[in-house]
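K.L.:
Before I ask anything, here is the structure I am working with.
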Amino acid sequence: MGKDSGELKEYQPLLKDFKEPAQQIKVPSKSLLLAVWAAGIGGTFQCGYNTSIINAPTKAVQSFINQTWTERYNTEISSQVLTLLWSTIVSIFTLGGLVGASVGGTLAIRFGRKGTLLFNNTFALLAAFFMGLSYPSSTFELLIVGRFLTGVNAGIAICVQPMYIGEIAPRALRGAMAMGTSIFITGGILTGQVIGLNELLGKEEYWPILLSTVCIPAIMQLLTLPWFPESPRYLLIDRGDDVACKKALMWFHGPDKYHGEKEDIERERVSAGGIKPKKPWELFTDTSLRWQLLTLVVIHMSQQLNGINAIYFYADYVFTQAGIPAAKIPYATVGTGACECITALTCVSLELSINLHKIVYLRMHDTEHRNKANIITNINVLCAVGGVTNILTTELFTQTSRPAAYMIGGSINWIAFFFIGMIFPFIVNGLKQYCFLVFLVVCCLVATYIFFVVPETKNKTFLEIQSEFQSRKKLIAANGTEGPLLSTPI
């Protein structure tokens with residue numbers, strides 16, 4: 001009994017919030033869940049939606065471009081110029097995303113997390129206006145402008161929404177709440193694929209309406225998000241507003257459960273010690289953040305280089321090669337979107353269920369139940385991998401570095417997004433049916449890096465996570481070698 005109790009010391013951080021039976025199960029409050037929904041519907045949902053919505057009206061938009069060109073110049077457009085214009089309309093979305101990610105962190109500091117998300121809807125509304133106006137005005141250039149603005153909207157959303165969710169979620173639920181980002185992205189992709197079917201808005205004459213529907217999620221967020229508070233961490237650490245921070249915490253976590261979160265924020269404010277938010281280039285010169293920054297680069301590159309976006313970019317080609325009839329390809333594409341969305345939803349349910357069972361087993365003092373808890377920990381990691389990238393950025397950096405980290409990560413994300421879209425056709429031509437082996441190699445390398453370098457962040461404060469990375473630096477200085485990053489007591 002004494003031996004087992006001693007060995008359970010490593011699990012004390014997980015057990016400290018479950019001292020009383022009434023506190024054993026931590027579930028998100030209704031206010032917190034609604035805030036996540038309000039942030040996501042006009043945030044990363046838009047990114048997923050605009051990634052897939054452009055596929056359905058391909059032929060209709062190309063016909064419109066050809067017709068407009070003929071009316072202007074009294075000659076049909078060449079196939080090369082048509083391809084160039086269409087490629088520009090599609091790909092300029094990623095350029096807009098890069099711009100949005102580059103300014104998202106700065107906007108989050110100046111206007112707050114919630115304020116930036118609300119302001120970001122301006123780009124979606126303008127995009128809907130320009131793309132809807134392109135047909136009646138016979139100006140295909142407005143489609144380019146509109147797609148660029150949807151990219152800016154998506155870039156800011158991917159940068160700021162996970163930051164907001166990560167800062168409002170309680171420590172024990174950050175992982176589960178982080179999956180909201182993946183759910184909204186995959187839900188947006190699936191919604192765009194469904195809306196683009198011929199039975200709905202996929203008919204040729206409906207394409208201006210289809211592209212203008214990007215205004216709907218923006219309007220929904222403008223109607224719902226203002227009812228929720230700003231990020232408590234932003235209010236206290238960046239604005240020094242203790243009263244507003246306390247009110248926000250009570251709103252999100254309840255009047256009886258916010259005290260622990262308030263203490264964490266207070267400790268982080270003291271640690272910041274009046275330090276101003278860092279600029280992106282300052283992170284590259286800060287040696288104390290070297291491993292966090294390297295991890296940031298690796299996980300954001302892997303998010304785009306794992307092969308999933310190659311499937312979305314070239315779904316027609318992949319399914320045609322698989323022998324699926326052309327008339328059935330749109331439904332097969334919807335199937336891929338549905339699978340990814342269901343996977344994200346399943347991971348959230350599994351993670352919550354797994355954590356509850358893990359808590360029960362950890363409270364048992366026999367070896368058998370402790371081993372079950374260890375197995376559950378490994379399953380938990382597998383379930384969380386899909387949606388962990390964005391929330392991990394929140395966890396790896398403290399308040400003064402976080403906006404700059406999201407700007408760097410977002411920029412890398414969009415550059416890799418563009419890169420995979422450009423290079424995948426050449427991979428296909430060179431490797432044929434073995435083209436996805438490249439992504440397998442990438443995934444294996446990234447998994448190896450995460451196993452040896454990234455510490456467990458679950459149920460730890462941001463300062464504790466930072467301390468774990470600092471322990472690696474001390475270990476290297478003492479041994480002169482770069483061994484794996486081991487968890488050390490705080």
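Glycine is treated like the rest: Cβ placed from N, Cα and C.
Sequence annotations record features per position, and here TrEMBL assigns domain 'Major facilitator superfamily (MFS) profile' to 36-458. What TrEMBL lists as transmembrane segment is 84-109, 116-136, 142-164, 176-195, 207-228, 373-392, 404-427, 434-454.
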K.L.:
Under 8 angstroms, Cβ to Cβ: which one of 116-136, 176-195, 207-228, 404-427 has the largest number of such pairs with the transmembrane segment (142-164)?
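P.N.:
Answer, by Cβ pair count: 116-136.
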K.L.:
Test the contact criterion for the transmembrane segment (207-228) and the transmembrane segment (116-136): 3 or more CB pairs under 8 Å, pairs 6 or more apart in sequence, then answer yes or no.
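P.N.:
Answer yes: the transmembrane segment (207-228) meets the transmembrane segment (116-136) with 3 or more Cβ pairs below 8 Å.
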K.L.:
State the residues, same chain only, that lie 6 or more residues beyond the ends of the transmembrane segment (404-427) and have a CB under 8 A from a CB inside it; answer 'none' if no residue qualifies.
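P.N.:
Residues packing against the transmembrane segment (404-427) from afar: 91, 94-95, 97-98, 100-106, 108, 155, 158-160, 162-163, 277-280, 282-283, 292-293, 296-297, 299-301, 303-305, 309-310, 313-314, 393, 396-397, 435, 438.
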K.L.:
State the mean pLDDT for the domain 'Major facilitator superfamily (MFS) profile' (36-458).
P.N.:
81
